[in-house]
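Here is the structure we will look at, set down as structure tokens.
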């Protein structure tokens, strides 16, 4: 099974590399962009991966900050997943923006009033913190060391604790700051929403916890089943709560948006609910990414398999959420007569992702999986030490009912 997963990942990278080549050679001509719609699927993928990284990191940091011992066996795997998602996000936005040779200038001659400059600084700090935490973990210097015979996590003063506290502040800042990056664009009324930073933060937590439950349930089969059961049941409650919380925010936004009279305000919501891509909201987001996973997680017999599928579906649903944040806001012209004032194809208020864009998304996602697999395969902490504290040695069969045992 491990060999098959490696083959699939490498094959996806190679196929996706075709789209990356087209991007590097032809630039925006390989995408379905126009002057009116300069962002699309690539930016949505970047926002998804960035939120996944922040959400996973915030969840795994509960081990240090709140002493949540159920997540301790998967803390290091969570760090690798957070780093993998961050690198995938940076590759996605780098390919979409182009001119990567100019990236260094933001450190030499930055604009302190630019939210995008702050985002770059925060990503840099966050990346360094992740590297430091992985370094200390590989040495065994930052792991919460339980006393013999217990799995309690004391409030230790090791480097990892300080790094985790700092990292939580940075992750909160850039996950909410991503919403602020759009929220300050007053020319786009759909984005200019004071709730957007909060919604981005909640979405990051919900999608990150969903991906973490997928990792715990499916990608990390070598852990003790008892550990997996505790983690899955805790994460299932967290995922459902955060997802419902986000849906309430979204409901409030949709209800308010439907009452706007200005076309530039109302059109994005009409496009989301009844436009050509209505299925992204109703099917991908609500049915596939919310209804089905919640039904899987709230029933009485949660298994590792069902929890893994639920986490995967929620993560997929949030790609639709990110798409509906980016694209509809650009498809609404500042005033209704503008689209008919010009007939140039490059000025059209339409957008359909091209095959090359989908190939780039495939490459970015496969790259994240590839980095994650390398991390859990070759980093030293991925192997359980002989003297590690483990739960009692009775196991649960794969696919067994975990909720009754560990709820």
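These residue numbers are counts, starting from 1, taken along the chain as shown.
Placed from the backbone N, Cα and C atoms, the Cβ positions cover glycine too.
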Pick from 138-161, 162-185: which stretch is listed in TrEMBL under transmembrane segment?
162-185
Residues flagged as transmembrane segment in TrEMBL, choosing from 20-42, 43-65
43-65
Looking at 231-249, 250-268, I want to know which stretch TrEMBL calls transmembrane segment.
231-249
State the residue range annotated as transmembrane segment by TrEMBL; the candidates are 77-95, 96-114.
77-95
Assess whether the transmembrane segment (310-335) lies in contact with the transmembrane segment (43-65), where contact requires at least three Cβ pairs under 8 Å among residues 6 or more apart in sequence.
yes
Count the CB pairs under 8 A between the transmembrane segment (231-249) and each of 43-65, 77-95, 115-136, 197-219, 355-376, then give me the winner.
197-219
Where, among 43-65, 115-136, 197-219, do we find the most CB pairs under 8 A to the transmembrane segment (355-376)?
43-65
Which bits of the chain, at least 6 residues beyond where the transmembrane segment (77-95) starts or stops, bring a Cβ under 8 A of a Cβ in it?
20, 23-24, 42-43, 45-50, 52-54, 56-57, 59-60, 71, 103, 123, 126-127, 130-131, 133-134, 137, 211-212, 215-216, 219-220, 360-361, 364-365, 367-369, 371-372, 375-376, 379, 382
